[in-house]
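Here is the structure we will look at.
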Amino acid sequence: MKVTAIGTGYVGLVTGACLAEMGNHVMCLDVNPDKIAVLNAGEIPIHEPGLLEVVRRNVAAGRLQFTTDVDQAVQHGTILFIGVGTPPDEDGSADLQYVLAAARSIGQRMTDYKVIVDKSTVPVGTADKVRAAIAEELARRGADVAYAVVSNPEFLKEGAAVEDFMRPDRIIVGSDDEQATLMMRALYAPFNRNNDRLMVMDVRSAEFTKYAANAMLATRISFMNELALLAEKLGADIELVRRGIGSDPRIGYQFLYAGAGYGGSCFPKDVKALVRTGHENGQDLLVLAAVEAANERQKRVLSDKVTARFGQDLAGRHFALWGLAFKPNTDDMREAPSLVIIDELLRRGATLSAYDPVASQEAQRLLAGRQGIVFVDRAEAALPGADALLIVTEWKEFRTPDFDTIKAQLKNPLIFDGRNLYEPALMKGLGIEYHGIGRAAAV
Ligand SMILES: NC(=O)c1ccc[n+]([C@@H]2O[C@H](COP(=O)([O-])OP(=O)(O)OC[C@H]3O[C@@H](n4cnc5c(N)ncnc54)[C@H](O)[C@@H]3O)[C@@H](O)[C@H]2O)c1
């Protein structure tokens, strides 16, 4: 099939590359010429495990192209995916300007039947707006061309995006157009060979499903984070509680880790957008408003532990920071808890040495001009002379560090662990003062 992917971010690029991998001819369009230049030079603009190989293989096979030429891109695909950003607007609602601009650019140019697929995370009712935007552009030029708009929300996880796309848990297609449904089934058939995971539903339910999924996951995290705060006061260990409740199959182990708060390009904005949708429809979403508030509070827990230990004024203090990305295996820094922690510590006069295996460059871009923070290229290089080590992202390489080196390099043998990577008893045995989340401190 001929497919166009509009937007070459985490979703659009993975979608385009993985569809090419199955033999489709894919053209990826982006309005950002820098991204297209990087792609055309044989590189990728993001860190995503396995993606570079898929991209290179399919470019070499002649099935994957990148362009900024909108005419060419609209002409190319019979199925056009819209995978552009939907950032939060000032009031928390999803900003649809990029989605609707993409829709209009299709309407201005299409000359034959197209299936337009909303892959971006968009509020219920967006497919109607996309359909209307295209109809308006067709009417403006007096063109009568058939098309269908379907919703196909994406559930991939950054850091495992290729794997998730190639082996999806489910593929949701919201469609009320029989031909479009058949085409979507055919497109996804190769991803679906051993059992059919494609669910067809009405468009609104499909749009809602994506928000419901992210809201549920965010809820589990905030729930555990809140219980972790209480566990500390009660002298209970949230890690043991997690194991105790996760063993119940009605609850399960996934997404029950207490930590320094969730971040990323999806949970924060999607929870906010759903709360906003509720508000606009006269239906307050009390649980989700609390999920959001609890997460904002949680992002400050680690820096609060630092000030509880060292005092409010951190002038003259120096800290080592391990982990900047909002989660491991990505360089995405959007809404990363590290940004809140860094801001808080710098504001109080501390200086920082920060290390992340892949996100340092993106962090430097975001923190350009901030004094007091340096970025180093090895975990150990952050340690010398620091008053404490703060762990913010659970990269695998932090799981079994050389504790002797940590002790020798730090000014004080002291770890604030925002991801509960280590056992407090082990830390105590090693003579390291250890503050995790929701667990008794080992002092
Ligand atoms: N990142 C994730 O893990 C993830 C997972 C599932 C769903 N989503 C959703 O998918 C959507 C995209 O997310 P992302 O993280 O890939 O975004 P992103 O910001 O990484 O990429 C969006 C891209 O779209 C381009 N763009 C904007 N307007 C355009 C236009 N008119 N024509 C062509 N290109 C245009 C931008 O230049 C950018 O490269 C969002 O709605 C997001 O909520 C993201």
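Going from the start of the chain as shown, residues are counted 1 onward.
In case you wondered, yes, glycine gets a Cβ from its N, Cα and C as well.
Predicted automatically and left uncurated, TrEMBL annotations should be read as such.
These figures come from a predicted structure and were not determined experimentally.
If you check TrEMBL, you get these features:
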BINDING   D30, K35, T86, T121, E158, K269, R334  NAD(+) binding site
BINDING   F155, L156, K157, E158, K210, F255, L256, Y257, A258, G259, G263, K327  substrate binding site
ACT_SITE  C266  active site, nucleophile
DOMAIN    320-424  domain 'UDP-glucose/GDP-mannose dehydrogenase C-terminal'
Reported mean pLDDT - the domain 'UDP-glucose/GDP-mannose dehydrogenase C-terminal' (320-424): 97
For L256 (substrate binding site), the number of other Cβ atoms found within 10 Å of its own Cβ: 19
Contacting recorded positions, sequence order - D30, K35, L256, A258, C266, K269 vs ligand 1, Cβ under 6 Å: D30, K35, C266
Spatially closest candidate among K35, T86, C266, K269, R334, the listed recorded positions, to K157 (substrate binding site) (Cα to Cα): C266
Binding-site residues near T121 (NAD(+) binding site), in sequence order, restricted to K210, L256, A258, G263 and a 10 Å Cα cut-off: K210
Cα-to-Cα gap, K35 (NAD(+) binding site) vs the residue listed as 'active site, nucleophile', nearest whole Å: 21
Count of other CB atoms lying within 10 Å of the CB belonging to C266 (active site, nucleophile): 25
By Cα-Cα distance, the member of recorded positions E158, C266, K269, R334 nearest K210 (substrate binding site): C266
C-alpha spacing of G263 (substrate binding site) relative to R334 (NAD(+) binding site), in angstrom: 7
The domain 'UDP-glucose/GDP-mannose dehydrogenase C-terminal' (320-424): DSSP-derived helix, strand, coil residue counts: 32 helix, 19 strand, 54 coil
C-alpha spacing of the residue listed as 'active site, nucleophile' relative to E158 (NAD(+) binding site), in angstrom: 10
10 Å Cα neighbourhood of G263 (substrate binding site): matching binding-site residues from D30, T86, K269: K269
Proximal residue to K269 (NAD(+) binding site) among binding-site residues F155, L256, A258 (C-alpha distance): F155
